[in-house]
Amino acid sequence: MANIIVVGSINSDLVVTVKRYPKAGETLRGTDFSWYPGGKGANQAVAAVRLGATVEMVGAVGNDPYGEALMNSLRVNLVGVNYVKVVQGASGTAMITVEENGENRIILATGANQYVTWNSKDVFKSGEWLIVQNEIPWGITESAIKLAAAEGVKVLLNPAPAKKIPSALLPLIDVLVVNEHEAKVVADVDADNGTDEDLIAHLLSKGVRNVLLTLGKRGCMYASKKEIIHFPAHLVTNVVDTTAAGDTFIGAFVAARMEAKTIKEALQFATAASAIAITRKGAQSSIPTKEEVEKFIKRNPIR
């Protein structure tokens with residue numbers, strides 16, 4: 001039985017490495033091309049499994065060659081696929097360009113992800129956590145949140161791409177994971193002035209129980225109405241590809257919480273996992289194992 005349910009996207013990542021991004025109307029030669037299994041939902045599911053959890057994926061792929069490869073990747077990574085359906089048409093696709101410094105830009109084609117559904121609501125009874133994002137139609141995600149919350153399942157929402165969340169839904173979210181841009185969209189604030197603490201306080205005032213604000217090289221902040229924890233990032237000098245940094249962080253955080261680690265321990269575990277991931281190419285191919293993360297923490301402790 002899975003202890004984490006992931007409802008979300010399953011994509012083919014088509015990745016071109018470039019020295020710099022082209023200007024409008026400009027054609028550049030890329031330095032490398034690769035195909036990787038991806039999608040925020042699938043990435044977070046694979047990360048959680050590699051880092052110690054059991055996961056059931058709820059998603060959809062197309063009946064194209066990519067769909068078969070994506071299903072095989074989930075199976076190889078021991079992600080449950082009982083609720084992943086194969087539909088007529090193309091699988092979801094992400095067109096990704098990665099600069100030599102590791103920074104990326106992504107364009108999504110939804111494809112089969114628009115047909116995500118579940119045959120039985122029982123899937124939400126089997127888990128302790130639900131992880132959802134925003135790469136599938138929002139109505140599907142909203143239904144999953146409501147069903148999971150009704151069953152007493154903890155809900156982690158990562159609203160990426162950024163989206164304003166209906167106010168009635170926010171109290172159902174146990175952990176909202178956002179970067180600074182996503183936080184401003186969810187909080188419905190435009191101002192760039194104000195502190196990270198102000199932004200978090202605004203989100204908490206809307207009913208979210210816990211906010212996990214990721215700050216890139218500045219680390220992250222975890223906050224509830226009772227406490228706020230700032231956890232620094234590891235200094236990584238050999239950045240290769242940041243595509244799966246956030247997804248690895250989320251999968252690692254929930255996997256750590258499933259093992260009854262404290263919030264601070266879970267942040268340490270997730271930060272280390274993400275630091276390893278950005279030194280490797282690809283999305284799921286970059287995600288480390290639990291053993292790799294534990295060794296990394298011993299060599300690079302942050303207190």
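The backbone N, Cα and C atoms fix where each Cβ goes, glycine too.
Quick look at what TrEMBL annotates:
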| type | residues | note |
| --- | --- | --- |
| ACT_SITE | ASP247 | active site, proton acceptor |
| BINDING | ASN11, SER12, ASP13, GLY39, LYS40, GLY41, ALA42, ASN43, GLU135, ASP247 | substrate binding site |
| BINDING | ASP241, THR243, ALA277, ARG280, GLY282, SER286 | K(+) binding site |
| DOMAIN | 1-289 | domain 'Carbohydrate kinase PfkB' |
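Taking the centroid of the Cβ atoms of ASP241, THR243, ALA277, ARG280, GLY282, SER286 as the K(+) site, the other same-chain residues with Cβ within 8 Å of it are VAL240, THR242, ALA244, ALA245, ILE278, THR279, LYS281, ALA283, SER285, ILE287. Here the Cα atom of ALA42 (substrate binding site) is found 18 Å from that of ASP241 (K(+) binding site). Using a 10 Å radius centred on the Cβ of THR243 (K(+) binding site) and all shown protein chains, the other Cβ atoms total 29. For the recorded positions ASP241, ASP247, ALA277, ARG280, GLY282, SER286, a Cα to Cα distance of within 10 angstroms from ASP13 (substrate binding site) holds for GLY282. Reduced to three states, the DSSP call for ASP13 (substrate binding site) is strand.
A distance of 10 Å separates the Cα atom of THR243 (K(+) binding site) from that of LYS40 (substrate binding site). Local packing around the Cβ, expressed as the count of other Cβ atoms within 10 angstroms, is greatest for LYS40 among the binding-site residues LYS40, ARG280.
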